[in-house]
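Here's what TrEMBL has on this protein:
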- B:21-43: transmembrane segment (TRANSMEM)
- B:63-80: transmembrane segment (TRANSMEM)
- B:100-119: transmembrane segment (TRANSMEM)
Amino acid sequence: MADVNRGNRPLSPHMQVYRLPLAAITSIMTRITGHALVAGILLLVWWLVAAVTGPQAFAAADWVVRSWIGFIVLTGSAWALWFHALAGIRHLFYDSGKLLRIEEAERASWAIIIGSVVLTLLSLILFFFA
Amino acid sequence: MRYITPRKAAMGLGSAHSGTADHWFLTVSSCALVLLVPAFMLVIGNAIGLPHPELVAYFGRPYPALITALFIVVGMVHFIKGTRIMIDDYFQHTARKVAIIVSVVFSWAVIAAAVFALAKMTLVTVAI
């Protein structure tokens with residue numbers, strides 16, 4: 001029998017061209033932020049250990065923490081921490097069978113994205129002006 | 001036919017052979033971390049910029065020391081369980097074993113370093 005439908009069949013999503021839904025993007029971002037937080041924790045623990053090692057060690061670590069490198073790492077970590085925390089709270093809702101409908105998951109994704117940015121800006125304002 | 005109850009058949013099984021213990025640990029620690037995250041960020045925010053002696057005295061106080069210790073211990077054990085899920089997803093065979101060992105050893109080294117630093121700052125403050 002001739003294949004009359006050639007070239008017109010539905011295809012399974014191909015990773016290179018498939019546009020991930022927002023809930024999928026925020027889901028993989030949870031894993032990425034969780035693992036990336038290792039940079040911030042390493043910087044802070046190095047800084048704490050340097051503080052009990054000696055004045056020279058502390059001067060070096062404190063310089064990095066207060067430099068633009070430290071600013072980028074710690075601000076990035078603050079955002080990653082807020083994002084991961086909000087996404088983790090969403091997982092607690094998922095586990096209890098809530099927010100699982102597509103529109104709800106979509107709305108929760110926006111709440112996580114906007115919430116994490118707002119909380120990071122709030123943290124920076126609190127740090128620099130309070 | 002197996003002459004055991006469905007409950008008995010499910011006991012101690014699952015792909016992890018340890019049931020849902022890891023998932024439950026992540027649930028419990030995530031609830032703790034929801035409270036610890038803002039507290040830890042406030043503690044660190046207040047510490048950055050302090051001169052050396054003031055910083056040591058600051059972390060010698062109970063609240064900053066306890067929040068920092070709790071956040072790093074609970075956070076890094078949460079990290080071990082979290083990386084374990086990622087490792088199980090992306091690595092097989094020997095690479096998986098090596099990755100798990102590296103993750104656990106690294107995390108406990110971070111915990112040990114942080115606890116040592118906090119303990120020393122607390123003792124120095126007491127000595128003063």
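All residue numbers here begin at 1 and follow the chain in the order shown.
Using N, Cα and C of the backbone, Cβ positions are placed for all residues, glycine too.
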Can you name the far-off residues of the same chain, 6+ from the ends of the transmembrane segment (B:100-119), with a Cβ under 8 Å from a Cβ of it?
59, 65, 68-69, 72-73, 76-77, 79-80, 83-84, 87
Cβ under 8 Å to the transmembrane segment (B:63-80), counting only same-chain residues 6 or more beyond its ends: which ones?
25-26, 29-30, 32-33, 36-37, 39-40, 43-44, 46-47, 103-104, 107-108, 110-111, 114-115, 118, 121-122
